[in-house]
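Feature annotations, courtesy of Swiss-Prot:
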BINDING   Asp33, Ala34, Glu35, Tyr36, Asp37, Ser82, Leu83, Glu115, Arg138, Glu175, Lys293, Lys317  NAD(+) binding site
ACT_SITE  Lys117  active site, N6-AMP-lysine intermediate
BINDING   Cys411, Cys414, Cys429, Cys435  Zn(2+) binding site
DOMAIN    594-675  domain 'BRCT'
Amino acid sequence: MPHSIETQLEHLREKLREYEYHYHVLDNPLVPDAEYDRLMNELKNLEWQHPELITSDSPTQRVGAKPLDGFAQITHEIPMLSLDNAFSDDDLTGFLRRIEDRIAINSNQIEFCCEPKLDGLAVSILYVDGVLTQAATRGDGTTGEDITANIRTIRNIPLKLKTNNPPHRLEVRGEVFMPQQGFEQLNEKALAKGEKTFANPRNAAAGSLRQLDPKITSQRPLMLNAYNIGVYESDDELPTTHFDRLQWLKTLGIPVNAEITLATGSQALTAFYQKIQAKRSSLGYDIDGTVLKVNEITLQEQLGFISKAPRWAIAYKFPAQEEMTILNDVEFQVGRTGAITPVAKLEPVFVAGVTVSNATLHNGDEIERLGIAIGDTVIIRRAGDVIPQIVGVVAERRPDNAKKIAFPTACPVCNSAVVRVEGEAVARCTGGLFCGAQRKEALKHFVSRKAMDIDGVGEKLIEQLMERELIHTPADLFKLDHTTLMRLDRMGEKSANNALQSIEKAKNTTLARFLFALGIRDVGESTAQNLANHFGTLDAIRQADLDTLKQVQDVGEVVANRLFQFWQEPHNVEVVEDLIAQGVTWQDVVPQEIADNPLKDKTVVLTGTLTQLTRDQAKALLQQLGCKVSGSVSSKTDYLIAGEKAGSKLAKAQELGVKILSEDELIGYFTTIVS
């Protein structure tokens, strides 16, 4: 085969890549569209004549994959975390103060990389030796869906990096979105064909990325803006600032947002926020705020992460959009713990890209605060552009036939008494698991991903099983068989087998998951894990008295009482024993041994300003020493750790004769024990 054909093919590919880079990344087209199309057709014809020379990174190969049966799962090597939100100047000030507290640098001296917060879908794109190899959705942050074939169809994403010296592995993280003009054109075409339209550009982008047929995705006007780097393997070091890393990505052909800038000091951050907010309607794509990131990578590393978000970044969201509508009715829903929640039934209204017909009224106090009545004209807001809320009533529009909202005194589901404990805002049904609504929600919680993770059993299946009275308690799930499931509506052979396999798989769990799945009020994931780590076995937890329970990290008086009372209820014990009898099992946790030290098993209070540790670090250190950390000084307090400017707690401790330790003494204890 003539060598000139290979050379000609590569020349055409490089030229087309260059044109794509200038068009999609630099927004500076080098040639008319007709010339681009001519070269693309020339390349297609040559590759058709010489199929053995087609490469996976050729511009012609954006759409070539066959339709998929479903999306495979991909585990992110580095979790794709979400961001904490700020909704006001006070929230921004709090964010900056937390940074100052952690790294002891005045926030007005810290440079931030400021970006618009695009309203799209977060994705991860992996390049291996410069070639696009894999792409995934964010998913739950740990696991996403394989959307490689669809990502390859997006025109402003290079299939091959624009460099002769690519990193061995480079993971680009960014937001896929649909520009407003493309969204409008897509809906116009759908209307012309009599097809369903999309509510907003974000939904359109999500639906396009999750098409099983990449050819459909290729017809959708999607774009990417990169915002970070994940996995990176190369002999070359990355730039030392976030901004410079984004500019480096741009040189590789990866598109980044044109509005990104640097700012130092709270006034400059607020000015950027206001500038982007003013430009919001003219940008041509949807945004819902700004993202502010500490620019220096070394400072990012010092600040670190909390469980679900980095400490060095925040999403400063725009005020939610508001609209007026009519309150037609109020329904009262019963939750898993018996909480009675009033739900407003609204005349449908379009707010922030979504049609809203329901909104929570939270509780009876909120109804009184708003002074709301059925028939009122209300102001609806999507808080954070996500959760619909009623924020006010237009009193002058109240009709003569407006009807006062009566909070129920009996459960709307089981007719049990509704009570409100003094000091709590929520009224609750007293029916417990006698109440069908509580039982249903408890079962939904039991099978949920963070509990027993029975992914073949969804909410609709739970509802159908309960309606037919085939299950009453969690243990009944493990008694289901193939014949029973096949009698259900819309239950096929495959679905029945998947459900039974998921149920069987769920029998092997962990003590923490099992505790969380039981749905004990106020026992969340973290508390369940702390209980498992502290006690090691279920029997030890069941036998613990109130004082023993309160020794567990983050378990106070209220949670200890909830736990203790749970095990005093014979029905709860029966449910747990039935689950174990059905084969639910886990490995006992070996409790961590804490070396003997003067602070072990003591109650300690922190006060004042610490200079070497943050408050969270000091608390964690005390817990490693086996202390119970309390928030207030009492006669039961053994030690007070006093930092600078200690106030009333120090005075009270001295009055009660509590031993006072300095921050240095605390660190000294810890250093002695671990060394």
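Glycine is treated like the rest: Cβ placed from N, Cα and C.
Location within the structure of each feature annotated in Swiss-Prot.
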residue	record	CB count, 10 Å
Glu35	NAD(+) binding site	12
Leu83	NAD(+) binding site	18
Lys117	active site, N6-AMP-lysine intermediate	22
Arg138	NAD(+) binding site	20
Lys293	NAD(+) binding site	21
Cys411	Zn(2+) binding site	24
Cys414	Zn(2+) binding site	18
Cys429	Zn(2+) binding site	27
Cys435	Zn(2+) binding site	22
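When the Cα atoms are compared, Arg138 (NAD(+) binding site) and the residue listed as 'active site, N6-AMP-lysine intermediate' turn out to be 16 Å apart. Residues of the domain 'BRCT' (594-675) grouped by DSSP class, helix first, strand second and coil last, total 31 helix, 18 strand, 33 coil. In three-state terms derived from DSSP, Cys411 (Zn(2+) binding site) belongs to neither a helical nor a strand segment and is classed as coil. The shortest Cα-Cα distance between Cys435 (Zn(2+) binding site) and any of the recorded positions Glu35, Lys117, Lys293 is the one to Lys117. Reported as a whole number, the C-alpha separation between Cys414 (Zn(2+) binding site) and Lys293 (NAD(+) binding site) equals 51 Å.
Across the structure, Lys293 (NAD(+) binding site) and Cys429 (Zn(2+) binding site) are spaced 45 Å apart at their Cα atoms.
The secondary structure of Lys293 (NAD(+) binding site), as reduced to three states from DSSP, is extended strand. Those residues of the chain, other than Cys411, Cys414, Cys429, Cys435, with a C-beta within 8 angstroms of the mean position of the Zn(2+) site C-beta atoms are Val334, Gly338, Pro412, Val413, Asn415, Ser416, Val418, Thr430, Gly431, Phe434, Gly436, Ala437, Gln438.
The two recorded residues Cys411 (Zn(2+) binding site) and Leu83 (NAD(+) binding site) have their Cα atoms spaced 38 Å from each other. Looking at Cys429 (Zn(2+) binding site) and Glu35 (NAD(+) binding site), their Cα atoms lie 71 Å from each other. Cα of Leu83 (NAD(+) binding site) to Cα of Lys117 (active site, N6-AMP-lysine intermediate): a span of 11 Å. Here the C-alpha separation of Glu35 (NAD(+) binding site) and the residue listed as 'active site, N6-AMP-lysine intermediate' works out to 35 Å. Secondary structure at Glu35 (NAD(+) binding site), as computed by DSSP, is helix.
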